[in-house]
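Record features (Swiss-Prot):
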type     : residues : note
COMPBIAS : 1-14     : compositional bias 'Polar residues'
COMPBIAS : 43-52    : compositional bias 'Polar residues'
COMPBIAS : 327-350  : compositional bias 'Low complexity'
COMPBIAS : 361-370  : compositional bias 'Polar residues'
COMPBIAS : 421-443  : compositional bias 'Polar residues'
CARBOHYD : Asn129   : N-linked glycosylation site
REGION   : 320-481  : region 'Interaction with Mettl2'
TOPO_DOM : 1-106    : topological domain 'Cytoplasmic'
TOPO_DOM : 176-182  : topological domain 'Cytoplasmic'
TOPO_DOM : 238-242  : topological domain 'Cytoplasmic'
TOPO_DOM : 287-453  : topological domain 'Cytoplasmic'
TOPO_DOM : 503-506  : topological domain 'Cytoplasmic'
TOPO_DOM : 528-541  : topological domain 'Cytoplasmic'
Amino acid sequence: MAAVNLQASCSSGLASEDDANVGSQIGAAERLERPPRRQQQRNNYGSSNQDQPDAAILAVPNVVMREPCGSRPSRLTGGGGGSGGPPTNEMEEEQGLKYGAQHVIKLFVPVSLCMLVVVATINSISFYNSTDVYLLYTPFHEQSPEPSVKFWSALANSLILMSVVVVMTFLLIVLYKKRCYRIIHGWLILSSFMLLFIFTYLYLEELLRAYNIPMDYPTALLIMWNFGVVGMMSIHWQGPLRLQQGYLIFVAALMALVFIKYLPEWTAWAVLAAISIWDLIAVLSPRGPLRILVETAQERNEQIFPALIYSSTVVYALVNTVTPQQSQATASSSPSSSNSTTTTRATQNSLASPEAAAASGQRTGNSHPRQNQRDDGSVLATEGMPLVTFKSNLRGNAEAAGFTQEWSANLSERVARRQIEVQSTQSGNAQRSNEYRTVTAPDQNHPDGQEERGIKLGLGDFIFYSVLVGKASSYGDWTTTIACFVAILIGLCLTLLLLAIWRKALPALPISITFGLIFCFATSAVVKPFMEDLSAKQVFI
C-alpha cells in the first residue's frame, strides 16, 4: 500500500586512466577523458619546458568524470579555466529517466517472484483453495446463491476491512509523528514474528502434507527456529541485502496466501478495487497519511521502516567526507598545515584546472595555496606527502630506453596526474573533496553518511498484486492468470514512467490493479470462451 519512491541522485565515482602501471593501483576506477581543446596546450607546454621537467607537474588537465549510473560525463567545477558547471535540467531529467528505466528490471524480478510463489502454492496445495474459516473483519460470508446478496455482502465486508486499514494507517502516522519509534518497532516485530514462525509453520505443514514428505517434529522445529531468527535479524536489524529482500518477498507472498485463504470470493475482488482507491487518496491527497509519512521521513532524513518497504537499492556510503568547518579546525590546530588546503572546494579546484594549479594561489586567495614545491623537485600534496619525485637524468634514461621525445615530454604530467588520483582514492585522506564518492559496502558505524538510491515499493503492493494473480489462478484458467500477470507488470511500468517524469511519490496500486481487474474479467468472459470455441472447431489463428 505504500508509495513508490525514486531517489535518482547518482554518486560520482573517482576516475582514472588504465594505460600505465600506476593505473593498476586504482581499484574499480573510471576512465579519464582529456578534452580536445587541452591537447594543443599540453603539447605546447611540454615542448617549451623540456629543460624543466618538474614544471610540467603543475599542468594537470581538467578531469571529466563519468557517473556510475550510466549518465553523461560531467566536468568538475573548478577555478581558473574550468568550464564546467552544474548539470542542466535537461540532463537531470535524462539521467532520471535512464536511472528509472535501469531499475525497472530490478523491481520486476521481485514482483514476479512473489506472484510466482503464490501461483505455485495455489496450484499445488489445495489447503489455500478452500475457504471454511473467515477473518474477523468479514462477518458476511456470502453463503446465499443470489448474486445481489453476494454483491452487498462483499461491499459491506470490503468497507469494514477498509475501515480497519484506514484506522491502522492513521494510528501508524500519529505514532511516527510523535516519534514513538519503540511502539512502532514492537508492532512490526510482533507482526513479523507471527508471519515468520506461526504462519510459516502452517505453510510448511501443508507443503509437507501435499508432497507426502515425512518429517519429525524436532527437525521441523529446528528448521523453523533457524528460519525465523535469521528472518527477524535480516529484516529488523542487519543482514545481506539479498537475504533481506528474499525474506520480504516470502512474507508478502505468505500474507497474500492468507488473504486468498480467509477472504470470501467476492469480497476479495471488492477489497482489491477499494484498496486501489484508498491508495490513490492516501498518497496523492495533500493530507494523505502515506504522503505525510513519506514527507516526514524526508524532512527528518530517516529511513522508512524496512518491514514496510521493499528497496531495490544498495547503500552508497560516503568515505572520509570533510566539511569546511572540520578542515578549518584542523588547519588552526596544526601549525604545519598553514600551507595546506583548508576547504574541500579548494582541493577540488586544484585537481580540476591546470590554470589554477599553475597559479600561485591568487585566484582563491592566499589562504588556500594548493601545493608546496620543495627544492629537490618534488611536489607536496596537501597532507605534506610527496606526490612524485623526479631525478635530473629522467629524460636521458627514457631516450636511452627507446622512448620518443613526445612521450618523455608528457611523462611528468601523466605521472603527476595519476599520483593525484591514487592519493585521492586513499581512505585515509582527510582532505578529500566532498565531490568524490565511492561505492562501498554500508558502514554500520557511520549511518549518517549513507545515502540511498533506487526504487522503493511498499510490501502492501506486493501483497495485493499477488492476491489478484493468485485469485485468478484459483479458477484453474492459465489464460486469465497470464493476462493478469502481464497487466500488473504493464501497470507497474507505467507507474514507474510517471514516477520518473513527475519525481514524487506515487501510488503503485491503482494502475496495476485496474489493468489487472479489466484483463481478468475480460479474459474470463471474452477471450476464454472465444479460445474454447476455436479449439472445439479446430480453427487455428
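Each residue, glycine too, has its Cβ placed from N, Cα and C.
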Residue distribution over DSSP helix, strand and coil in the topological domain 'Cytoplasmic' (176-182): 4 helix, 0 strand, 3 coil
Conformational class of the residue listed as 'N-linked glycosylation site' under the three-state DSSP mapping: coil
Intrachain residues whose Cβ lies under 8 Å of the topological domain 'Cytoplasmic' (176-182), provided they are six or more past its termini: 292-293, 296
Tally of DSSP helical, extended and coil residues in the topological domain 'Cytoplasmic' (528-541): 9 helix, 0 strand, 5 coil
